[in-house]
Structures are given as structure tokens and as C-alpha cells.
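What TrEMBL lists as domain 'Radical SAM core' is 33-248. If you look up TrEMBL, you'll see Arg42, Arg93, Thr124, Lys185, Arg287, Thr288, Arg289 marked as GTP binding site. Taken from TrEMBL, the feature [4Fe-4S] cluster 1 binding site covers Cys49, Cys53, Cys56. Residues or ranges marked as S-adenosyl-L-methionine binding site in TrEMBL: Tyr55, Gly97, Ser148, Met218. Here TrEMBL flags Cys282, Cys285, Cys299 as [4Fe-4S] cluster 2 binding site. The domain 'Peptidase A2' feature in TrEMBL is assigned to 308-355.
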Amino acid sequence: MAALSLGMPAIRRSPSAAPSIEGRPDVAGLVDRFGRVARDLRVSITSACSLRCTYCMPAEGLPVIPRDELLSADEIARLVGIAVRDLGVHEVRFTGGEPLTRPDLVEIIALSAAAAPGTPLALTTNGIGLDRKAQALADAGLSRVNVSLDTLDREHFTRLTRRDRLPRVLDGIAAAHRAGLGPLKVNAVAMRETLHDAPALLAWAIDHGCRLRFIEQMPLDADEQWKRDNMVDADELLEVLGERFVLEPVGRDDPSAPAEEWLVDGGPATVGIIASVTRSFCAACDRTRLTAEGSVRSCLFGDDETDLRGMLRGGADDATIADRWRAAMWGKQAGHGIDAADFVRPVRSMGGIGG
Ligand code: SAM
Ligand code: SF4
């Protein structure tokens, strides 16, 4: 196994030796040893970002990935095509880092839409720069966006993201609405510093036609400050929201949906909570991931990565690449194991994997 250096400890990467597939049934889809089937593809396209959220990036940002190590727009589209056509993927989401920092994002969407006609293409973004690109992205074939926004308090936003850019995010959300990139979801990481901003954020989201989902903070911050006994969990968040709203649980939209939904003040508005830590949904996980350098990563918390970029550039055909992807998925781990005594944080932080 070769080591991939990101200015951090080594990531286990399998460039040539195919992972073992002993016992794998002969099916086309991305099945694993625990009976799960991956149908949701997350594609990270960069680790660069316009913000430095404390729960994700270090203050100085992640080391820059040299341009020739990033997948090109054509390479991304080819892998999206293989995933959808040969491996049963139903939905593709582009993420990062901040995907809007890639100057060829519109091209990536257009080529991916052509490679996988009819497949929903979504984007997770911090919204900065979306005001200028939303319409072009929609025209290129993007179906919807999720914008990350943790607080409407400008000072709190600046402290949490280490950048004074709240108005740019709000401009981006308005532009996404105008371009019809909905239903627009807003993702907020539940943090102690912004916990008491949560009710105002929910009221704003309802007023602005956004579906708000809070996410429990996972131990994926580059600064390694996350502590299990200090994180805001779903129960504490519900208590704070409950001071202003009447919340009624309505369950999940579907079993593999990560967010549990609550009806707000009798509805029709809802709020979602993704309790990734305290109510792990690993048993129903249906994700497969590609890193910006073109490796399959089956789990946020698993450092094993399988290189596809080398195969793409070495002339491998689609069927061979699809087989390698299937083998990678067969080795997916059971769960994140955050509560296990022997839990070890992954080497990459969230911005380096793609959330
Ligand atoms: N830059 C884009 C953004 O912020 O939406 C896309 C990449 S970001 C890594 C994707 C999602 O991961 C965001 O919604 C972000 O809030 C979330 N995220 C980042 N670090 C996290 C952490 N430690 N725990 C939980 N969610 C996290
Ligand atoms: Fe950037 Fe998104 Fe990470 Fe914030 S969460 S630092 S916006 S990649």
C-alpha cells in the first residue's frame, strides 16, 4: 500500500492490489458485507475553501492539492457515469472543501449531467459565490443545493467560520431560490457557541422557504478539539428549540435518510436533526464517496481508500474501474465506532474527505 501525504499522517491507499472480494455475491451494485447497498455518491472536488469553520478546517486551510492530482471535469464525469450506469447509484452530490472555489464547477455539472442523464445532481456549499453561479449551475443540470449556515448572528458566524462573510451566504441562498435550485436545505452544525441562535435560525428558515437540518458535530475537525462530553447532542438541541416551538417527531423520510424530522408548531414546516453521533445511522448507510484525488472512500471514518485516478489515467476500461469500486465497497466497515473504547479519528478532517 502506498502512502498519500496531505501534510498529515499517512492514509492507507490501495493503488494497485485489488481489495479482497471473498464471499461477495455476483451482483452489479455496490453491496457490502453487512447487506448495505450504496446508491448515494458524494464526490469531493476540492479541499480548498473560502471559510475556515472551526469544526472542519484548520485556520490556515488544508494543504493545496496540486492541480494534476485533482480529478479533471472529464474524469469526474466519467466516474459519475460509471457509478450511475454500472453500479446502481441513484443520486450524486458534489462537495468539498468548497465546490464553488473550483472555476470549472459549471463544466463539471454539465459533463456529469450528460454522463448520467436524469440522475439528480446536488451540491453542498457554503453559499459564497453562489449569487454569481446559481443560474448557470441550474442551466448546466444541477438539481438542488444544500447551503451550510450555522447562525444568523454575524459576530458568531465570523468567530465560527473565521471569516466575516455572512451577507455573502445569504446572497447565495437568495440566488439559489431564484434559480429554482430547491427544495433548498440549510445545514447547521450544532455547536455550543451558537446553540442559542438555533431558534432564530429555524424561524428564519421557515420564513425563507428553507428546510433546516441540524447536524451533530462529528470528530472530524482538523484542530482535534471535538470532545464527546462537550458536544451538543440532539436532546439538548431539541430542548433549546422547544423553548420557542412545539415540536412533534415524525420520523425519517425514508430509512436511509440521515435526518429525523420534527413537525414545527403543528406544521407544515419541519426541522431535521442528523444525530450522526448519538443515534448513528451507519446500519442504513447508503453512501459511497470519491475524494478530490479520485479515490473511493466507503466511510467518512475509514482511512482505507482505493485509487481510481491511476486506473483512469492508465487506460483502464469502465468495466475494470467498476469492478475495483465494487471491491472497495465490499470492504466497507460496519460503522464509525465513535463510542468504542478503541475509536481512532480518521487521518483526514471533514474538508479533506468531503462531507
Ligand atoms: N463547504 C461546503 C459546505 O460547508 O457546505 C461543503 C463541504 S462541508 C465539509 C459539508 C458539510 O459538512 C457541511 O454541511 C458542514 O457543515 C458539515 N461538516 C463539516 N465538518 C463537520 C463536522 N465536524 N461534523 C459534522 N458536520 C460537519
Ligand atoms: Fe469550508 Fe464547508 Fe469545511 Fe466550512 S464546513 S470550512 S465551508 S469545507
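Every residue, even glycine, has its Cβ placed from backbone N, Cα and C.
Features as recorded by TrEMBL, highlighted on the structure.
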| residue | record | Cβ neighbours (10 Å) |
| --- | --- | --- |
| Cys53 | [4Fe-4S] cluster 1 binding site | 21 |
| Tyr55 | S-adenosyl-L-methionine binding site | 24 |
| Cys56 | [4Fe-4S] cluster 1 binding site | 25 |
| Gly97 | S-adenosyl-L-methionine binding site | 27 |
| Thr124 | GTP binding site | 20 |
| Lys185 | GTP binding site | 19 |
| Met218 | S-adenosyl-L-methionine binding site | 22 |
| Cys285 | [4Fe-4S] cluster 2 binding site | 23 |
| Thr288 | GTP binding site | 25 |
| Arg289 | GTP binding site | 23 |
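For the domain 'Peptidase A2' (308-355), DSSP puts the residue distribution at 22 helix, 0 strand, 26 coil.
Across the residues annotated as binding GTP (Arg42, Arg93, Thr124, Lys185, Arg287, Thr288, Arg289), the two Cα atoms farthest apart lie 21 Å from each other. Checking the binding-site residues Cys53, Arg93, Lys185, Arg287, Thr288, Cys299 against ligand 2, the ones whose Cβ sits under 6 Å from it are Cys53.
The C-beta environment of Arg42 (GTP binding site), restricted to residues of the same chain at least 6 apart in sequence and closer than 8 Å, consists of Arg93, Thr95, Arg287, Thr288, Arg289, Leu290, Gly354, Gly355. Checking the binding-site residues Cys56, Thr124, Ser148, Met218, Cys282 against ligand 1, the ones whose Cβ sits under 6 Å from it are Cys56, Thr124, Ser148, Met218. In this entry, S-adenosyl-L-methionine is bound by Tyr55, Gly97, Ser148, Met218, whose most widely separated C-alpha atoms sit 16 angstrom apart. Neighbours of the [4Fe-4S] cluster 2 site: apart from Cys282, Cys285, Cys299, residues of the same chain with C-beta atoms within 8 angstroms of the site's C-beta centroid are Arg36, Phe281, Ala283, Arg287, Ser298, Leu300, Phe301, Lys332, Gln333, Ala334, Gly335, His336.
Within 8 Å of the centroid of the Cβ atoms of Cys49, Cys53, Cys56, where the record puts [4Fe-4S] cluster 1, the same chain has further Cβ atoms from Leu51, Arg52, Tyr55, Met57, Glu98, Asn126, Thr161, Met350, Gly351.
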